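Sequence annotations record features per position, and here Swiss-Prot assigns active site, proton donor to Tyr56. Here Swiss-Prot flags His119 as substrate binding site. What Swiss-Prot records for 214-273 is NADP(+) binding site, and it gives similarity to another entry as the kind of evidence. If you look up Swiss-Prot, you'll see Lys86 marked as site 'Lowers pKa of active site Tyr', on the strength of similarity to another entry.
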Amino acid sequence: MEIGGVPVVTLSSGRGMPILGMGTAENNLQGSERVKLAILKAIEVGYRHFDTAFVYQTEGSLGEAVAEALQNGLIKSRDELFITSKLWCADAYPDHVLPALQNSLRNLKLEYLDLYLIHWPVSLKPGKFVHPIPKDEIFPIDYKSVWAAMEKCQMLGLTKSIGVSNFSCKKLHYLMATANIPPAVNQVEMNPIWQQQKLRDYCKTNNIMVTAYSPLGAKGTMWGSSGVMDSEVLNQISQVRGKSVAQVSLRWVYEQGASLLVKSFNEERMKENLKIFDWELSPEDLKNISELPQRRVSTGDPFVSINGPFKSVEELWDDEV
C-alpha cells in the first residue's frame, strides 16, 4: 500500500504508518509560524506522517498546520495523517502518562494520536523542563508501571499505537517481559555511519518497527555530525547513481527495512527526500556502505550522571555503542 507514492507499513498494532515522515525537532526551534508554514508545505508536496514531542515545543505549530490543511482542502480528513508525539521524561511516571498525553492532544488540537512513544528510558524530576538537565534529577524509569499506563492510553483510544524511543535491546527485553501490548515502534538514531545492526535484528525478531531519526546525521544541529553528508563512499555512490548524498542515505535506511524521519524546511529538499522509492542501491553499494566506520552521534549524555541510573554512556545503551 502507498500514500502519495510513500509505502505504508503495517505495525504490530495493525495500524498503517507511512514509512517516511517529517520530524520537527530542531535547536531552539519551539513553536513558530515558520514551523507551521513548513508543515503546510510538506503536506502540500505529499508528506502524511509527522513526528513531534512535548519537549520539542512544536506540538502547537503542528496542530495549527493540520487545522489549516483541513480548512484549505489540502487534506479532507485528519485520518489521512499519521501523527506521533512523545512522553517526556519528567512525565515518565504511571500517574503522569495519561495527563501528559491529554496535554499533547490539547496542544495539537486533536482527539487522538497515531503513535505515542516513551522518549527516553529514564525518568526526570516532575515539573517544568529545565535545560541542561540537572544531574541530581535523573531517576530510573519503572518500565512495568509506565508501560501499563501507555497501554491504558491505547485502550482508551487516545493513541492508536504505542512504542518507545532510544531503547537498547536489553531495555526492550525488560519492557516486553511484563507488557500486555508490545511496543509497535522503537525510534532510534540510524544512518550509514550508525547502522544499528544488532538492534535492527532484535526488533525484526520481535515485530517492532525501527524508525530512524537523524538518517542524514543531523548535520547543523548542536549535537549532530557531518559524517554522513561528507562520507567519501556515499558521495561516490551518489555520483554514480545520479542522486544526492541525502537520497543515497535515505534509500539505504529504507532498504534495511526501517522507517525514517527527515527534516528540511526547504521545499526542494522536501521533494527530493520523497524521491527514494523508485530506484535501488546495487549489491556493491550496499557492501561498501556496510563497511563504513561506525560512530553513535546521539549519545544521550545529558541522561548520564554519577548518581543516576546510568553512570556512563555505555550503561545507558547497555554497551550498544
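A Cβ is built for glycine as well, from the same backbone N, Cα and C atoms used for every other residue.
Not measured: the values here are computed from a predicted model.
Locations of recorded Swiss-Prot features on the structure.
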{"residue": "Tyr56", "record": "active site, proton donor", "DSSP class": "helix"}
{"residue": "Lys86", "record": "site 'Lowers pKa of active site Tyr'", "DSSP class": "strand"}
{"residue": "His119", "record": "substrate binding site", "DSSP class": "coil"}
{"residue": "Ser214", "record": "NADP(+) binding site", "DSSP class": "coil"}
{"residue": "Asp230", "record": "NADP(+) binding site", "DSSP class": "coil"}
{"residue": "Ser238", "record": "NADP(+) binding site", "DSSP class": "helix"}
{"residue": "Ala246", "record": "NADP(+) binding site", "DSSP class": "helix"}
{"residue": "Tyr254", "record": "NADP(+) binding site", "DSSP class": "helix"}
{"residue": "Val262", "record": "NADP(+) binding site", "DSSP class": "strand"}
{"residue": "Met270", "record": "NADP(+) binding site", "DSSP class": "helix"}
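Shown are the binding-site residues Ala246, Val262, Met270; the one with the most C-beta atoms within 10 angstroms of its own C-beta is Val262. Listed recorded positions near His119 (substrate binding site): Lys86 (candidates Lys86, Asp230, Met270; Cα-Cα distance within 10 Å). Here the binding-site residues are Ser214, Ser238, and the one ringed by the most other CB atoms within 10 angstroms is Ser214. Residue density at Lys86 (site 'Lowers pKa of active site Tyr'): 28 other Cβ atoms are found within 10 A of its Cβ, drawing on all protein chains shown. Counting in whole angstrom, Ser214 (NADP(+) binding site) lies 15 from Tyr56 (active site, proton donor) by their C-alpha atoms. If you take the Cα of Tyr254 (NADP(+) binding site) and the Cα of Lys86 (site 'Lowers pKa of active site Tyr'), they are about 23 angstrom apart, rounded to a whole number. Less than 8 angstroms from the CB of Asp230 (NADP(+) binding site) sits no same-chain residue that is six or more residues away.
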